[in-house]
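Residues or ranges marked as domain 'Nodulin-like' by TrEMBL: 15-260. According to TrEMBL, the feature transmembrane segment maps to 16-35, 80-101, 152-170, 176-195, 207-227, 239-260, 328-352, 372-391, 403-422, 428-451, 517-538. The domain 'NFD4 C-terminal' feature in TrEMBL is assigned to 329-545.
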Amino acid sequence: MGGACKFALHAVDGRWFSVFASFLIMAGAGATYLFGTYSKDIKATLGYDQTTLNLLGFFKDLGANVGVLSGLLAEVTPTWFVLLVGSAMNFSGYFMIWLSVTQRIAKPAVWQMCLYICIGANSQNFANTGALVTCVKNFPESRGVMLGMLKGFVGLSGAIFTQFYLAIYGTDSKSLILLIAWLPAALSVVFAYTVRERKPERQPNELKVFYQFLIVSIVLALFLMAMNIVEKLVDFSKAAYAGSATVVCVMLFIPLIIAIKEDWIQWNLKHHEGMKPATEATAEKKLDIIPEVKSEISREQEEKVQKSCFLTIYNKPPRGEDYTILQALLSIDMLILFAATLCGLGASLTAVDNLGQIGESLGYPAKTIKSFVSLVSIWNFFGRVFAGFVSESLLVRYKMPRPLMMTFVLLLACVGYLLIAFPFAGSVYVASVITGFSFGAQLPLLFAIISELFGLKYYSTLFNCGQLASPLGSYILNVKVTGLLYDNEAVKELARRGMDRSAVKELVCIGAQCFRLPFIILSAVTFFGALISLILVVRTRKFYSSDIYKKFREIHGVN
């Protein structure tokens, strides 16, 4: 019993259990993707028009993409505190939205609803900073795979939440907001003290373990997609929904078995090493310390010769070297990336946020509209995995520039938007798959390109600055374009019936014409973004044709 207790404490304190805990936390950090499911309830209950609803969508995107506060907090506080702050923000933001929609409090002003959803959405940055950054530090040599896996679970969270809320609350989409309020908050509270930075250790089978995690996550994604299809063909009872949710829970906990197995192996290795002669163990420790000492010395030398960032703004290093923040932000490459992201991610966020209203305008029932959101979530996951693993493989084997992959993804997104602009039977299902996949693929590509072109020294700041383009694009395309054009069509529809805006509480447009012009514009803007990304392909083709990882192998002494 004593040995079992010691191992249990070792496992909970280990790196692999921390990975499992991070998977669960990240699986609850994608509530923003469910906005299309419950936005109809906000619109109907509070009497908003589409422009106002899209304004809420913008503040959701703003909160979800501005992670500076969580990053600064993580610099001065432990990980558990970051996760607990995020938990409190998540619960308070979404709980206030639930109270408003269920009319348990007086109708809030629009600015208050914008504040609530911005706070709730911003909480996912605290989960990202707490779980994702910590895991990358714990597994520095597998950071790419780790990023893909964790962001993949975020992509699946919408479909996971859908299964849970159908099992717990039935088809009451207002209760989905309550689930979004308490479940992610509870996950962060339960696992807050198990996610923390440990001393990195080299493990020969590390990549193999991550592939095991990947297989589990792919099986989970396929199951969620199958359930999404079956639930449309068969009328499920609450017991059947409960059974489906139970299977999802089991799959979410399979990584725990993998983590315990790896911790058991490490436990036995440590006991075996404890029996080695002292000189051998000391020699191994010295070998482990040497790279750290070398990196510390080089870091000190670099700090001695470092000049003021204002004096080196226009004295940029070669691509792939460490840029200062100002050098990167004022570079042409970053401006091109910013413009492409504004067009691409701005359009994707607009499409995802309006899925509920798209389904409603085309006459789909509420149950089917929820399936569109689930499809987006599931294929968001596949897009993230594809962007991480396939683009890396093409880069290493064929020297294919990563920005070229972004070009292809943006062109694919154009097809999805045109399927909504010119709908036919079942076209929204296909559009949901394409939109989810292209949306999921864009962010990992953006983050990878930034790290490759501008170095890793100020990466945490630069990738947060890079993704600021997405809420700006969302505001322009969602609020100022899609929302206004939708409302204009709805007003025209009222006029044809001899009514005006004051005659109805909720402004609703029915018909294929409601989103036709907005999504033609989205397709054109995204195509423009693809052309912009091609400029970056031309500018960086020489850089990507070289061995961009050579310096990292030299640092670790690998030929």
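One-based numbering along the chain as shown.
Every residue, even glycine, has its Cβ placed from backbone N, Cα and C.
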Report, as numbers and ranges, which residues of the same chain sit near the transmembrane segment (328-352): CB under 8 Å and 6 or more residues beyond its ends.
33, 35-36, 54, 57, 61, 313-314, 316, 319, 376, 406, 409-410, 413, 416-417, 420, 435-436, 438-439, 442-443, 446, 449-450, 453-454, 458, 462, 465-467, 469-474, 476-478, 481-482, 518-519, 522-523, 525-526, 528-530, 532-533, 535-536, 539-540
Would you mind listing the long-range same-chain contacts of the transmembrane segment (16-35), meaning Cβ under 8 Å and 6+ residues beyond its ends?
57, 60-61, 64, 83, 90, 94, 120-121, 124, 127-128, 130-132, 134-135, 138-139, 146, 149-151, 153-158, 160-162, 176, 180, 183-184, 187-188, 191, 194-196, 198, 209, 213, 252, 255-256, 258-260, 262-263, 266, 352-353, 373, 376-377, 380
Let me spell it out: take the transmembrane segment (176-195), skip the flanking residues so only those 6+ beyond its ends count, and list any with a Cβ under 8 Å from a Cβ in it.
12-13, 17-18, 21-22, 24-25, 27-29, 31, 34, 37-38, 41, 79-80, 83-84, 86-88, 90-91, 93-95, 97-98, 101, 120, 123, 126-127, 130-131, 134-135, 161-162, 164-165, 168-169
Tell me, roughly as an integer, the mean pLDDT over the domain 'NFD4 C-terminal' (329-545).
87
State the residues, same chain only, that lie 6 or more residues beyond the ends of the transmembrane segment (239-260) and have a CB under 8 A from a CB inside it; answer 'none' if no residue qualifies.
11, 14, 16-17, 19-20, 23-24, 27, 160, 163-164, 166-168, 170, 209, 212-213, 216, 219-220, 223-224, 227
Same-chain residues at least 6 beyond the ends of the transmembrane segment (152-170) with a Cβ under 8 Å from one of its Cβ atoms are 23, 26-31, 33-34, 37, 124, 176, 178-180, 183, 217, 220-221, 224-225, 227-228, 231, 236, 238, 241-242, 244-246, 248, 252, 370, 373-374, 376-378, 380-385, 440
Would you mind listing the long-range same-chain contacts of the transmembrane segment (428-451), meaning Cβ under 8 Å and 6+ residues beyond its ends?
144, 147-148, 151, 155, 328, 334, 337, 341, 344-345, 348-349, 351-352, 355, 358-359, 362, 364, 371-373, 375-384, 386-388, 391, 402-403, 405-406, 409-410, 412-413, 415-417, 419-420, 459, 462-463, 466-467, 536
